[in-house]
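Trainee: Okay, handing you the structure first.
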Amino acid sequence: MVSPSVVHWFRLDLRIHDNLALRNAINEAENRKHILRPIYVIDPEVKNRIGKNRLRFLIQSLQNLDTNLRKLNTRLYIIKGMATVSLPKVFENWNVKYLSVQVDIDPEYVAQDEVIEKFCEENDIFVVKRVQHTVYDVQGILKKNNGSVPLTYQKFLSLVRDQQVRECIELNKKLSDCCKPEDIESNDYDIPSLEELGIEESCLIECKYQGGETEALNRLNMYMAKKQWVCAFEKPNTSPNSLEPSTTVLSPYISHGCLSAKLFYHKLKQVECGNRHSEPPVSLMGQLMWREFYYTAGAGTKNFDKMVGNSVCTQIPWKKNDAYLQAWAEGKTGYPFVDAIMRQLRQEGWIHHLARHMVACFLTRGDLWVSWEDGAKVFEDLLLDYDWSLNAGNWMWLSASAFFYKYFRVYSPVAFGKKTDKEGMYIRKYVSELKKYPTEFIYEPWKAPKSVQTAAGCTIGVDYPKRIVDHDKIHKENMQKMSAAYKLNKEKKSLKRPRSD
DNA sequence: TTCAGCGTTGCTTAG
DNA sequence: TCTAAGCAACGCTGA
């Protein structure tokens, strides 16, 4: 008979620190003298679902997690295959008695949970699920709001104002040898390389953001040491087109769970304490609260990542246009600022929040009239910090489908970038075809006379695309379409509402 | 039921 | 270099 095991299933909690579910598993293994097996499930076809950069970040995070687990006298076991297929077999082989896991609201995990929990119930495996990916228990917040979703940020803040946030959990005690399995050195459970997953590392550009908990904590501590900077932080005053990020880039670490949102919260509280500091929504704490806001909305709304069947989302008749979508996704719209942003995203996996505003507005209500769902899929592929709730929530915001309604405020692909980068240095970096263009034409190269284009070595329509739409004209037409969609939406709503007369 | 007040981050022009 | 007004006028919250 195989010795009984305790499993902690890592998903979006790729860390040792402040991991309540992991601590539960360790305690359980120690108390019962069972074998502890921390696992991560990876589908060999994963490269078809997530982009190369994010996959590299994930593999680095797993490697770091394994290193940190070994310091605790255990390791990470990689299970290959679909979780719903491979886990039942593995649990039988290992004689698993106890499973701990973090609660994740991404539908992908919710669907897996249903299958795995049913299997566990039928096989007398005790399952412990812990809410630890957010600062607050979003279900509790929804309950406090009478089961409905808070539709404004201010409303959300009022709901969490008096909520206590539990302290972080420290985990540094080494595991007893009796919890170690015999096959701890087996290569059968090693982390696959990028090559094994079908990605040639040589086709990726130099890694700008190294994945993993160790890097996450270093980055957090580096920024928290800059107390004045933290206290003065105001998001709208940071630049979307600086050559190096003007914000912390902690997001990929939080989305993968390399960094605990609660740890970030407590560190921020420490830095703010006793000092004059900026406030939400613009402060750093405010940024963390935006994440909580979208998680609450995502948890409380059916079909949150879709337009149809989504109660918070205004129905807008977007048009399918693969040519526009592709030009946008590849950074070939002919608008240098938009293209620079999309190329930075593709190369580096991260762009500034306001840059996301610019390109999301451009794809949807601003210029191309393509559905936010299509844009969200491209972001899912390319962003290191992809997060189900935040991605859908922000796309709805920018397309004025939910949370934000002033559709007549449209970002200009020419004017917006100039505010923080007059010379167009950011464009020169990411749209290198235009790097020799005179500043006068860097945001509007189609206006450059032929002689200037020739002198700069880049002819518009040959070396760099002609702009695919005329922003000045089309954004006004789109505003009319938005107005019509809102009007229709309002009529439908008033029909649904029961009338007293 | 109604309505004033308000909302992280628009652009352009005039002064 | 900064501020304010005009553009045309949204929905949510709470009294």
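Cβ coordinates come from backbone N, Cα and C, glycine included.
Below are the features listed in TrEMBL for this protein:
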| type | residues | note |
| --- | --- | --- |
| BINDING | A:247-251, A:287-294, A:385-387 | FAD binding site |
| DOMAIN | A:4-135 | domain 'Photolyase/cryptochrome alpha/beta' |
| SITE | A:Trp318 | site 'Electron transfer via tryptophanyl radical' |
| SITE | A:Trp372 | site 'Electron transfer via tryptophanyl radical' |
| SITE | A:Trp395 | site 'Electron transfer via tryptophanyl radical' |
Trainee: Are any of A:Thr247, A:Trp290, A:Glu292, A:Trp318, A:Trp372, A:Tyr386 (the recorded positions) within 10 Å of A:Trp395 (site 'Electron transfer via tryptophanyl radical') when you go C-alpha to C-alpha, and if so which?
Mentor: A:Trp372
Trainee: Please report how many Å separate the Cα atom of A:Trp372 (site 'Electron transfer via tryptophanyl radical') from that of A:Tyr386 (FAD binding site), as a whole number.
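Mentor: Distance between the two Cα atoms comes out at 15 Å.
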Trainee: Counting only residues 6+ apart in the same chain, whose Cβ is under 8 Å from the Cβ of A:Tyr294 (FAD binding site)?
Mentor: A:Ser389, A:Leu390, A:Ala392, A:Gly393, A:Asn394
Trainee: In DSSP terms, helix, strand or coil for A:Tyr386 (FAD binding site)?
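Mentor: A:Tyr386 (FAD binding site) sits in coil per DSSP, no helix or strand.
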Trainee: For A:Thr247 (FAD binding site) and A:Trp318 (site 'Electron transfer via tryptophanyl radical'), what Cα-Cα distance in Å is obtained after rounding to a whole number?
Mentor: 33
Trainee: Return only the integer: C-alpha distance in Å from A:Leu288 (FAD binding site) to A:Trp318 (site 'Electron transfer via tryptophanyl radical').
Mentor: 31
Trainee: For the domain 'Photolyase/cryptochrome alpha/beta' (A:4-135), how many residues does DSSP put in helix, in strand and in coil?
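Mentor: Grouping H, G, I as helix and E, B as strand yields 63 helix, 30 strand, 39 coil.
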Trainee: If I take every residue in the domain 'Photolyase/cryptochrome alpha/beta' (A:4-135) and average their pLDDT values, what number comes out?
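Mentor: Mean pLDDT, the domain 'Photolyase/cryptochrome alpha/beta' (A:4-135): 96.
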Trainee: What is the number of other Cβ atoms found within 10 Å of the Cβ of A:Thr247 (FAD binding site)?
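Mentor: Other Cβ atoms within 10 Å of A:Thr247 (FAD binding site): 19.
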